[in-house]
Amino acid sequence: MKNLILAIESSCDDSSIAIIDKNTLECKFHKKISQELDHSIYGGVVPELAARLHSEALPKILKQCNEHFKNLCAIAVTNEPGLSVSLLSGISMAKTLASALNLPLIPINHLKGHIYSLFLEEKISLDIGILLVSGGHTMVLYLKDDANLELLASTNDDSFGESFDKVAKMMNLGYPGGVIIENLAKNAKLKNISFNIPLKHSKELAYSFSGLKNAVRLEILKHENLSDDIKAEIAYAFENTACDHIMDKLEKIFNLYKFKNFGVVGGASANLNLRSRLQNLCQKYNANLKLAPLKFCSDNALMIARAAVDAYEKKEFVSIEEDILSPKNKNFSRI
């Protein structure tokens, strides 16, 4: 029975393939190969290196799931947004597979995929507020009853996750910065350093992390010798201020929209400090908090496969001749 969808994710520095049963939503296969160690020496993702590593990793993963090929009904792939050369690696493989197996091709928006990480084994729920925090994006969305997405707030500059990476790089801590900063902050012995919460007195429903990032840079310059204790203290102050900023604007949004359900997605949503604060906020406003499983917060192909199930039902197919590469976020107004 041809009821399986194979999905490919390669938008940044994770090579991933998943296979899902479109009828039961059962995950039949999922594998991810991370490039974090390869990019860590550079303090961030190097696009050309990422593309080369994708071209090596994706075929290796594909060989591990070829037993399912006979039951495939479609091929899905992340086509936007992301690094052009990384996206192209996955798209090229997807088109080759779709052509060779004579299957329909389904392009999936990466951010929609993150939203579906909340509903990997269940039907998607509408009328829900969503905080998306990742290395490339910070936004608050409202998924309405009619499946339209309303953007309530976004960042004017750096994203939440990106700011963690950049602060980690300033202190020569490595990449990715999210986990490094979070773990370092837990070891802070002193807590005398503080930073101002960005846009604290602004009515604008927006985020901005560039000023906070610069404040951290200036704090680092004050210290001739950046000891481990000082690094931990800076990490603690930065993480808490970044989370304060997220929560400050979220509280204003909650007051306006009175969410009954609220979800949190994206790689940076794995931050335990942020998760704890979100739980408190939802309790305060009697909202049900829905969290993506920690394993599937970061980029993965299973969320792309899950999004593809609904896209398959709507017959959102494209020709393999069509240019579907879209590094910018163009198709993100409706689920």
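Each Cβ is built from the backbone N, Cα and C atoms, and glycine gets one as well.
Listed features, source Swiss-Prot:
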type    : residues                                                       : note
BINDING : His110, His114, Asp299                                         : Fe cation binding site
BINDING : Leu132, Val133, Ser134, Gly135, Gly136, Asp165, Gly178, Asn271 : substrate binding site
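Distribution of Swiss-Prot features across the structure.
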residue	record	DSSP class
His114	Fe cation binding site	helix
Leu132	substrate binding site	strand
Asp165	substrate binding site	helix
Gly178	substrate binding site	helix
Asn271	substrate binding site	coil
Asp299	Fe cation binding site	coil
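Straight-line distance linking the Cα atoms of Asp165 (substrate binding site) and Asp299 (Fe cation binding site), rounded to a whole number, equals 16 Å.
The Cβ neighbour count for Asn271 (substrate binding site), using a 10 Å radius and every protein chain shown, is 26. The candidate set comprises the binding-site residues Asp165, Asp299. Of these, Asp299 has the most other Cβ atoms within 10 Å. Remark: of the binding-site residues Gly135, Gly136, Gly178, the most isolated position is Gly136 (fewest other Cβ atoms within 10 Å of its Cβ). Closest in space to Gly178 (substrate binding site), of the binding-site residues given as His110, His114, Asp299, is Asp299, taking the CA atom of each residue. It is Leu132, among the binding-site residues Leu132, Val133, whose Cβ has the fewest other Cβ atoms within 10 Å in the structure shown.
Fewest Cβ neighbours within 10 Å among the binding-site residues His110, His114: that distinction goes to His110. Within 10 Å of the C-beta atom of Ser134 (substrate binding site) sit 24 other C-beta atoms, taking all shown protein chains into account.
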